[in-house]
Amino acid sequence: MSKTHLTEQKFSDFALHPKVIEALENKGFHNCTPIQALALPLTLAGRDVAGQAQTGTGKTMAFLTSSFHYLLSHPAIDDRKVNQPRALIMAPTRELAVQIHADAEPLAQTTGLKLGLAYGGDGYDKQLKVLESGVDILIGTTGRLIDYAKQNHINLGAIQVVVLDEADRMYDLGFIKDIRWLFRRMPPANQRLNMLFSATLSYRVRELAFEQMNNAEYVEVEPEQKTGHRIKEELFYPSNEEKMRLLQTLIEEEWPDRAIVFANTKHRCEDIWGHLAADGHRVGLLTGDVAQKKRLRILDEFTRGDLDILVATDVAARGLHIPAVTHVFNYDLPDDCEDYVHRIGRTGRAGASGHSISLACEEYALNLPAIEAYIGHSIPVSKYNPEALMTNLPKPLRLTRSRPGNGPRRTGAPRNRRRSG
């Protein structure tokens, strides 16, 4: 983490359990991010927290540190059974659940607390085998958690810590009934530590906090600057006919180390993938149609740097901790203005700088006023020279369902292109 992203507050300044301090120091975490510095004094005092912070500011480590400390500092109930986890962390997507689990593993290795993972799509028996051996902290998506609970593979009667991550996304995806179903099977709110984190805290999320938490304290980091100080935003107005060529020209001009291209539909994403793969880029595709194992593999390849570009719908826009994304391209302006914030929040993370480039085409330019009103500023407009756009581009590849994650390796030096004005 960059020093500019950290506070003077050190984890060792808090009365954290020694094993938690050891795990953090082993990972090189010494100073807190702003959200951690605000949340930890409250959770260590046993207070519930509803936290709002920009994506990439350390929300995950804030609730993981709090959860591990609480479980190490408070004994489990005397008659706790093997199918009763002590902490439940709920996430809106499988990818986010997997990421939280990965972030929690170093803490688990040092503290000895056992982790479980529960998400739909695949791995039912493998996940169940881990649960049957007993876990302290269960991380998962609501559908699979309810499935296991209804079959009595898990029992929530011994829960001491609850975390809701990306709570507003839970609403967007229609999971609120599932969340309430799970809460009804836990001890009362005043008998557990409750944490809720999200990049936005809407009225409906605050209502959920009021329902399911015990007088939660609200903490916010830079709420007035929704898009982040370190993200350079840029907007182009292409015609529909020039839109794809402009994207390809910008990618050649910027030559990003690691970029995400967002579009509003899976079919548009597949089309973009085909053009970029045919042009020699190492590009992956992430949509709801991609099988779960392939989605995780593609994310892993992108994180490792084996892929340079990820083309995605908003399934990948929330909560995923993909390091060192240098550029975000909004091929389509999103219909939901909150998604604009979450999309461009993929870059400029943990104190790094980032670049967001949006294309306001004839189809989606109508979304721009609402986006700019929501973020509180106008996005700077850049012009381009249509005559400088790339030409003679190869015919786009058609997606083959057996290999949606791989394009050719991009080779050669970037082709220099210049914008006008």
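Glycine too: its Cβ is placed from the backbone N, Cα and C atoms.
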Quick check on the annotations: Swiss-Prot lists motif 'Q motif' for one of 9-37, 67-95, 241-269, 270-298. Which range is it? 9-37
Checking 45-48, 165-168, 385-388, 393-396 against Swiss-Prot, the stretch recorded as motif 'DEAD box' is 165-168
Give me the count of other Cβ atoms within 10 A of the Cβ belonging to Gly56 (ATP binding site). 25
At a 10 Å cut-off from the C-beta of Lys59 (ATP binding site), count the other C-beta atoms across all protein chains. 27
